[in-house]
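Feature list (source: TrEMBL):
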type   : residues : note
DOMAIN : 62-232   : domain 'Glycoside hydrolase family 31 N-terminal'
DOMAIN : 275-598  : domain 'Glycoside hydrolase family 31 TIM barrel'
DOMAIN : 607-693  : domain 'Glycosyl hydrolase family 31 C-terminal'
DOMAIN : 710-777  : domain 'DUF5110'
Amino acid sequence: MEDKILNTELLINKLLEEEEEFHHVNNPAADIKPVIKKYLGVPNHAEQLGNKIYFTDGDAKVEVVVVTDEIIRVRLAPHGVFLDEFSYAVPKLVHKDAAFILLENESEYIVSSRVVNCHIRKKDFFISFSDKKNHITSADAVPMHWEENVKFGGYYVFCTKTCATEESFFGLGDKPTELNLRGKRLKNWNTDAYSFAWNQDPLYRSIPFYISLNDNIAHGIFFDNTFKAQFDFGAEDKTKTSFWADGGELQYYYIHGPHMMDVVKSYHILTGTHPMPPLWALGYHQCRWSYYPEAKVRKITTGFRENKIPCDGIYLDIDYMDGYRCFTWNRKYFPDPKKMISELAAEGFKTVVIIDPGIRVDDNYSVFKEGKANRYFCRRSDDYFMEGHVWPGRCQFPDFTNPEVRTWWGGLFDELVEMGVAGVWNDMNEPAVFGAGTFPDDVRHQYDGFRGSHRKAHNVYGMQMVRATYEGLRTIMKNKRPFTITRAGYSGVQRYSSVWTGDNVASWEHLQLGNIQCQRLSVSGIPFCGTDIGGFSGEPDGELFTRWIQMGTFSPFMRAHSAGDTKEREPWSFGEPYTAINRKFIELRYRLIPYLYSTFWEHHRYGFPILRPIVMQEQDVLLNHFRQDEFTYGDKILICPVMQPGQTSRKVYLPKGKWYNFWTNEMADGGQETMVATPLETIPIFIKAGSVIPEYPVMQYIGEKEIEEVKLNIYYSDYEVNSFLFEDYGETFAYEQDIYLEKKFVVNGDNKKLTIQQSMEGLYTPRYEGYHFNLLGLPFKPGKIVADGKEITSFTTGKDKVTEFKFSKNFKHIEIYK
Ligand code: MIG
């Protein structure tokens, strides 16, 4: 027995050596003993080959590529052999017209794009970046270095940069800690983290991208390496920022700002944006582990309609399956799923079902049989199938890094889609395994032809699972937009899915944490995110649940979810006054759907995040680097959730400019803090002066009623402000063929007049005819309104000083005179 184990270990090591990701055969480092730290020395040679520039030091080579004017990629090959250009995060390196020149002076080489200079210092190979005013934004503190490791046939790779006294750091995905990462050391290794706590690390996702902000200049670093990686933002040594990984290539993108928003947008040029979601997915979703049997599901959906609380999504957690076998149904609980789903659909509910990666080892189960016959499941390095226990019992796991497996998996959704399932929830894909936590390191992955061990594939496993799901659904659903949600992910996962923050807890602390996590995910390239409203484990009281609904109203993804052993957790479960307030906020969510949808378009098309931490509004105010509970929803609506029990008022910081209190329409000057009352019925919401906020009538679900008119809430301003409204079918991919309408509004006023202009782009024609104008905050009582040259006589100004009138959706120019 012992002998056998020993042999297996030898075999594992042998295989790892033979086929590791480092072209090990050609690798002279194979003879070197483990763990020898090496640093780059002196660049003795610079050579340009096409758009790539190489610097060498003996065997070691550094490659510099100008990707766009703002993005420069740096790679290190300790022994001169670069890895194949393959990345799950960056599907295609788009070189956007990136002109550059290579310069040389006595002390350095300079690769210079139109916006950034990359300096390679001759005496010691230090690499730094500067803008065109010669302001150094990022600089090595020691040259790039590595540790050679014969056991794995690869290197541990390190990069260490200087950290300035007042430098702040943002991004890195879902880390449950302060928004500003200064002083923290964090790890990327996807982990199932039930009931996670503040500062627990790592969690479910690995997003090796951060934004640095120093002296009002932002830059980003995207360390595209899927191995277990770490980041140190001045924790070990407050003058240094480091990142390193247990394998793979030292490859990073320097992304120039100068604004944080520029960095995020450029990051999306590399990793892509979220596709437009089906409009219904922006509504409210109700989830629980689990609603079953069918009668229970219907009790919940009927409850929504009876209580007149809008809802679009209803979820089936693992108990809908037969013995937790994916793609099967428990017919005792759900005798006729197709009938149930279509009846739910008739009441306006979309059914979302959960899917796990673990496939039960069972020779009578077709999914297992197919996977086994085609060798689709992951194998250990000794060629035995990798096995682990999860919900179904003994399981094997598809290798989602194999394109053939992804196609197979995607096709398995055929029947579910045919039954009417509208969305798929991808869970446990860190991957999570009971007991062991995850897969052993030696598990082999096909990795789209660039084979490697689980050390390399672990962090992308979940992303490739949801990719398989999304691409499969897209094929099956033809021109309809699928909805997907995933727990695990790696950079670029936003091209395939929304995410939720995982198994949080029903506590006030977790409400605060969820707020920060969603903001952080947003600036990390994951726009469509939300928390389990109410907290997954534990019991919220009515107050906490309502405060969570209020915050969740402004999460891009809004879903309540709870564990199986908790009390009932629907928006009406806590009685009054909670039910009425929950209803009011969920209704507000639906009123603002056209605004959220337009903001989503701004993300999809231009790479803006949906939630924006306050520091993105005013990155020049140092204090805002540390203000972490306020954010804007799009760029027009400022939200300050209430996250303390019994809080009746709180301080809110308003960025410079003018803001309207959403509840009272009172105007307040920004650039200062203000005290705002926070009775249970409200949270502080402020609208930026000059905004046009489009509004739909309240509906019980998306599409319940034909939209007859769109309300435009126009907030007076004495300086010019632009707003957008995006419209299309809301459920097809026609927008990819320019079948959409992007409307731009420009509002400007003085104390005698307000002007509203509209221009449009795109080929879509909405079915409604007109706008209902709601003018707020006018400093004068309107005497005359002229729209496209015609005088409008039927307008009213109420006691609340709100002026209302109607006019065509095609207007170009409206003037409101004193
Ligand atoms: O081991 O499917 O995070 O949302 O309800 C637990 C049951 C598995 C974890 C998910 C949670 C889900 C639960 N799942």
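Backbone N, Cα and C define each Cβ position, glycine as well.
In this chain, the domain 'DUF5110' (710-777) lies apart from the domain 'Glycoside hydrolase family 31 N-terminal' (62-232): fewer than three C-beta pairs between them fall below 8 angstroms, excluding pairs fewer than 6 positions apart.
In terms of DSSP helix, strand and coil, the domain 'DUF5110' (710-777) has 4 helix, 39 strand, 25 coil.
Confidence over the domain 'DUF5110' (710-777), given as mean pLDDT on the 0 to 100 scale, stands at 97. The DSSP breakdown of the domain 'Glycosyl hydrolase family 31 C-terminal' (607-693), given as helix, strand and coil counts, is 7 helix, 34 strand, 46 coil.
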